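Enquirer: Residues or ranges marked as Zn(2+) binding site in TrEMBL: H63, H65, H208, D296. Summarising the annotation, TrEMBL assigns substrate binding site to E92, R144, H181, E211, D296. Taken from TrEMBL, the feature domain 'Amidohydrolase-related' covers 54-400.
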Amino acid sequence: MSILIKNIKLVPMDGKNELIESTNIYIVDNKIMHIGEIREDLHVEKIIDGNNKIAMPGLINAHTHIGMSLLRNFADDLPLHDWLTKKIWPTEAKLNADDIYWGSLLSMVEMIQGGTTAFCDMYFFMDEVGKGLEESGMRGVLTRGLIEDDQAQIKLNETRELFKNWHSRGNGRIKVMVAPHAPYTCSPDFLKESFKLAKELNTGIHIHLSETKKEVDDSSKLYGKSPIKHVYDLGLLDTHTIAAHCVHVDDNDIEIMREKNVYPVNNPGSNLKLASGFAPVDKMLKRGISVALGTDGSSSNNNLNMFEEINLAAIINKAVNLDAVSVPAISALEMATINGAKALNWDKEIGSIKLGKKADLILIDIDKPHLYPHHNIVSSLAYSVQASDVDTVIVDGKIIMENREIKTLDVEKIKFMAEKHAKDLIRR
Ligand SMILES: N[C@@H](CCSC[C@H]1O[C@@H](n2cnc3c(=O)[nH]cnc32)[C@H](O)[C@@H]1O)C(=O)O
Ligand SMILES: [Zn+2]
């Protein structure tokens with residue numbers, strides 16, 4: 001498919017131009033072929049009018065648990081430990097493959113409608129998420145969350161099978177990594193086994209680190225060191241590492257993250273709602289660490305709205321640091337695009353709109369009262385845009401939403417089935 005997006009304002013996130021006032025984007029097959037003047041020599045099958053629209057890279061949700069949409073607004077107003085142990089884990093034990101299939105599709109509908117084109121998921125029954133990814137046309141990293149219990153070896157084998165069956169599928173839109181859940185749910189030996197599997201598969205690690213003060217205090221008591229120093233000493237950081245949260249980290253932890261090129265994922269909505277705290281995003285960015293952005297699951301947020309996370313990242317850090325220049329709009333947008341691509345080890349292909357990169361981009365309709373006047377477009381993306389302003393979503397060169405109509409999924413059926421499965425789950 002060849003597409004021309006005409007007369008568009010472009011926020012390329014390429015590190016050079018914050019905004020190109022008016023240009024034309026040619027997409028051929030699944031790549032960005034040309035950005036600039038109209039090319040008579042390029043044949044196009046589809047022309048999109050870019051008037052009153054902004055093009056930017058698709059948003060990347062670098063940490064989530066998309067099957068948890070079935071548990072949205074199910075367990076609220078609890079701190080992480082109680083939330084997990086008293087409500088979430090007992091209910092998750094009753095989930096089946098079908099539940100995860102419909103819950104994941106519901107999350108994919110929400111993500112597409114909010115301009116998310118790629119995500120990194122950590123859950124179980126991950127084949128169901130793979131099926132959803134193939135159907136939806138989104139891009140994603142599948143990781144089977146590994147909480148050590150009497151099924152630990154089975155879960156490790158599930159990860160090996162997941163990699164064999166899904167890595168690189170969907171025309172390269174799907175990847176698989178290894179996900180030891182956290183240092184407080186995995187013994188040192190199991191963490192090392194997970195790392196060994198990641199090295200065997202030549203893939204990365206996806207892990208929760210230093211989310212709460214309790215986690216860090218318990219780690220100090222048990223191991224005499226922070227969670228980050230603990231996994232560093234175990235050698236876990238010697239492979240590509242996506243570290244969700246990194247809230248309670250000290251300067252030594254940040255130095256380790258810089259030295260080992262760890263990709264922390266800031267989940268401001270989840271950290272606020274679970275009263276986990278405020279990650280030192282500005283400090284990590286200033287140390288050259290590519291902090292990415294995520295929503296965590298929609299049961300601890302309670303949505304998957306990445307424009308909301310961009311806004312939170314841009315305003316929380318200003319208040320926390322008492323510095324109005326902290327995490328400016330462009331930095332918050334980088335967290336949700338190019339830094340997310342780096343975290344998913346995909347930045348050669350996605351995360352910015354550049355020649356030769358994959359055509360993962362979104363068009364935002366700025367002909368809305370809450371987006372006038374059109375002063376600073378980059379500011380509007382961090383301080384005014386709403387998820388519902390996303391008009392068109394293109395992934396791998398394929399239009400998966402146009403004029404807010406999703407082309408690849410049956411939204412009404414998904415809403416019905418997700419509701420049915422969620423209600424059945426609670427009755428089980
Ligand atoms: N309970 C299943 C699935 C584990 S996947 C990932 C796990 O992370 C849990 N989770 C969701 N959000 C968070 C978070 O913010 N911190 C830690 N764990 C979380 C989620 O509920 C799920 O249990 C099993 O043991 O096989
Ligand atoms: Zn999480």
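In case you wondered, yes, glycine gets a Cβ from its N, Cα and C as well.
Burial and contacts for the listed features, if you can.
Expert: The Cβ of H65 (Zn(2+) binding site) has D121, M122, Y123, G145, D296, G297, S299 as same-chain neighbours under 8 Å, each 6 or more residues away in sequence.
On its own chain, R144 (substrate binding site) has M122, Y123, F124, M126, K155, E158, T159, L162, V178, A179 as residues at least 6 apart in sequence with a Cβ closer than 8 Å to its own Cβ.
Mean model confidence for the domain 'Amidohydrolase-related' (54-400) is a pLDDT of 98.
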Enquirer: Filter the candidate list R144, H181, E211, D296 of binding-site residues, keeping only entries whose CB is under 6 Å from an atom of ligand 2.
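Expert: Result: D296.
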Enquirer: DSSP secondary structure for E92 (substrate binding site), reduced to helix/strand/coil, please.
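Expert: SS state of E92 (substrate binding site) = helix.
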Enquirer: For H63 (Zn(2+) binding site), what is the tally of other C-beta atoms lying within 10 angstroms of its C-beta?
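Expert: A 10 Å sphere around the Cβ of H63 (Zn(2+) binding site) contains 30 other Cβ atoms.
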Enquirer: What is the interatomic distance between the Cα atoms of H208 (Zn(2+) binding site) and H181 (substrate binding site), given in whole Å?
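Expert: For H208 (Zn(2+) binding site) versus H181 (substrate binding site), the Cα atoms are 6 Å apart.
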Enquirer: Rounded to a whole number, what is the top Cα to Cα distance in Å among the residues the record ties to substrate, namely E92, R144, H181, E211, D296?
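Expert: Spelled out: the longest distance between any two Cα atoms in E92, R144, H181, E211, D296 is 21 Å.
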Enquirer: Counting only other Cβ atoms and using a 10 Å cut-off, which of the binding-site residues E92, E211, D296 scores lowest?
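Expert: Fewest other Cβ atoms within 10 Å, among the binding-site residues E92, E211, D296, is found for E92.
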Enquirer: Around the Zn(2+) site (H63, H65, H208, D296), what further same-chain residues have their C-beta within 8 angstroms of the site's C-beta centre?
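Expert: For the Zn(2+) site, the extra neighbours are T64, M122, A244, H245, V265, N267, S270, G294, G297.
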